[in-house]
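According to TrEMBL, the transmembrane segment annotation covers 29-53, 74-95, 115-136, 157-177, 296-321, 341-363, 418-439, 459-478, 484-509.
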Amino acid sequence: GKPPPPPPPPPTHSVSIQSLDTKGKVLRVVVSVGKLFLLLGFLYMFICSLDILSSAFQLVGGKAAGDIFQDNSVLSNPLAGLVIGVLVTLLVQSSSTSSSIVVSMVSSGLLTVQLAVPIIMGTNIGTSVTNTLVAMTQVGERSTFRRAFAGATVHDFFNWLSVLVLLPLEVASGYLYTVTKLIIDSFNIESGEAPDLLNVITDPLTDSIVQLDQSVISGIATGDQEARNKSLIKRWCLTFTNTTLKNVTVPGPENCTSASLCWVDGNITTTLKNISDTYNIKKCTHLFVNVHLPDLAVGLILLALSLLVLCSCLILIVKLLNSMLKGQVAGIIKKILNTDFPFPFGWVTGYIAILVGAGMTFIVQSSSVFTSAITPLVGIGVISIERAYPLSLGSNIGTTTTAILAAMASPGDTLGNALQIALVHFLFNISGIILWYPIPFTRIPIRLAKGLGNITASYRWFAAVYIITCFFILPLFVFSLSLAGWQVLVGVGAPLILMLIIIIVINVLQKRKPGCLPAALRSWDFLPLWAHSLAPWDKVVSACTAKCCCCCKCCQIAVDDQEKTGRESVENNKKPHVEVYDNPAMSADKEVENEIKIELEILKMSRL
């Protein structure tokens with residue numbers, strides 16, 4: 001017979017650099033440095049695409065966001081204010097933009113600081129949707145998606161739980177307003193200047209694509225009718241405003257600037273007024289400066305392009321990280337990032353992670369950018385969700401320090417109110433951290449995010465349902481009830497909240513003390529299967545997907561593969577459960593015991 005083929009050469013990453021010759025060592029170093037520069041390049045493009053995505057959302061929905069802020073009768077309802085903060089931040093994809101609208105409204109006297117507090121809480125929730133959407137790009141790999149989605153939604157759960165506690169507290173006692181008012185009154189704060197850190201690097205590229213006139217949205221929100229007819233796209237980057245004293249005809253003497261500067265000649269009344277004339281000097285140089293398209297069309301073009309670049313960069317970043325973080329390198333990095341300090345200083349580690357998250361967010365000037373950047377690292381297993389949680393909390397603090405510095409650049413007459421709103425945002429996040437971090441038992445967002453990650457890994461369509469429900473349907477539903485008045489809001493909302501609380505209590509008792517419940521309530525089996533299991537809904541979604549699929553044969557192969565995978569998973573349930581990681585060094589990590597139980601229950605239900 002023929003001689004056996006030679007064994008395949010060992011993979012490159014398994015060969016130590018010491019065993020290579022000079023040429024091999026140089027090649028290894030050049031490849032590693034090249035990958036590092038590629039990674040930095042893709043990360044730069046990723047950050048720029050997030051900036052362009054925000055601009056695109058402002059072009060598509062910015063004027064609508066300004067209109068939403070105009071109805072003060074609705075804003076007087078704290079719950080409506082919260083929802084408006086969520087919706088506006090979703091429309092413009094930037095908490096700093098929505099916060100600046102609130103600041104301008106308070107400065108102009110259209111909104112009091114007390115009414116602005118719930119809106120600021122809403123902007124905190126709305127900004128957390130970006131990293132959740134980023135996690136959706138990793139839906140291809142089940143185990144990666146489980147970790148990435150859990151790592152992204154831990155931020156969502158923290159914000160929602162903080163609002164559930166602090167909004168009623170604020171309505172009842174004015175806690176955030178009172179404390180920040182005392183701080184403002186206690187210090188003689190002088191006007192400052194907000195620093196440009198990462199913007200210095202990203203602005204040359206993003207400004208060459210599109211530049212927006214942020215004053216248009218604020219003008220619409222503050223009732224300026226001229227702003228409604230203006231385009232958000234900035235055409236002139238250098239202008240000159242000349243103010244001169246001119247004779248102006250006014251309807252009557254009551255419209256004169258003063259009695260001494262008023263002349264009446266028959267039916268004509270003339271007065272002296274300061275008239276400002278703006279002269280355009282230099283046009284902007286971005287791509288859309290001479291494009292005569294409506295804002296909506298430009299916004300949709302930029303939305304499609306920025307999403308394409310964002311997803312492409314994210315996929316390439318994950319692949320590069322997987323290529324770079326192999327073998328011992330992955331194990332060392334993972335150990336450094338996830339290891340606690342030795343006893344008795346283990347508790348310090350989390351607080352250092354909070355400071356790191358705050359510092360990094362201050363550098364990149366955006367919590368969305370930072371949390372979106374660590375999401376793929378959670379997905380490939382480099383950062384654990386327990387470490388991602390304090391990093392996200394620190395990110396919340398970092399973005400508020402930027403807002404405080406920006407508020408300090410306000411004019412002297414509006415400095416107090418602008419700074420108080422920024423401090424409300426800061427105190428809200430600090431209070432949330434005190435509620436949900438120091439005591440390990442209170443770190444509920446981690447447990448909720450892990451549970452949601454397990455569900456979405458088994459039923460991937462549920463991730464889209466979660467995003468649409470939590471960030472669109474629920475806020476719009478509450479906003480609609482708020483428009484109908486307090487009576488309708490309480491009449492519809494109170495029974496729903498009461499029913500939700502009862503379901504949560506029964507679920508907790510079923511797991512911890514089932515003996516306290518009547519026999520019928522010790523499980524949800526008395527309900528129809530569709531009411532307590534996602535398996536029937538999964539069949540419906542699968543059937544709809546199969547009908548929409550163009551190639552029935554491909555769909556059938558996919559279904560057969562899924563059934564085969566399900567059977568193999570059931571057969572392997574008796575074996576020790578090992579999480580599937582992309583990196584070989586991480587293949588020894590195991591799921592937590594309660595996650596295994598959840599997966600086993602899901603598999604059992606999916607066989608029905």
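Heads up, the Cβ atoms here are built off N, Cα and C, so glycines get one too.
The stretch in closest packing with the transmembrane segment (157-177), judged by the count of Cβ pairs under 8 Å and taken from 29-53, 115-136, 341-363, 459-478, 484-509, is 115-136. Remote same-chain residues near the transmembrane segment (74-95) are listed as 53-54, 57-58, 60-62, 64-65, 68, 101-102, 111, 115-127, 129-130, 163, 167, 170-171, 217, 367-368, 399, 471-472, 475-476, 478-479, 482-483, 486, 489 (criterion: CB distance under 8 Å, separation of at least six residues from the stretch ends). Where the transmembrane segment (341-363) meets the stretches 29-53, 115-136, 296-321, 418-439, 484-509, the count of C-beta pairs under 8 angstroms peaks at 418-439. For the transmembrane segment (418-439), same-chain residues at least 6 beyond its ends with a Cβ under 8 Å from one of its own Cβ atoms are 99, 102-103, 106-107, 113, 116-117, 120-121, 123-124, 158-159, 161-162, 165-166, 175-177, 179-181, 183-184, 189, 350, 354, 389-390, 393, 396-397, 400-401, 403-404, 406-408, 410, 445. Only sequence-distant pairs (6 or more apart) were considered; of these, at least three Cβ pairs between the transmembrane segment (115-136) and the transmembrane segment (459-478) are under 8 A, so the stretches are in contact.
Same-chain residues lying 6 or more positions outside the transmembrane segment (296-321) and placing a CB less than 8 Å from one of its CB atoms are 35, 38-39, 42-43, 45-46, 48-50, 52-53, 55-61, 134, 137-138, 144, 209-210, 233, 288, 376-377, 379-380, 382.
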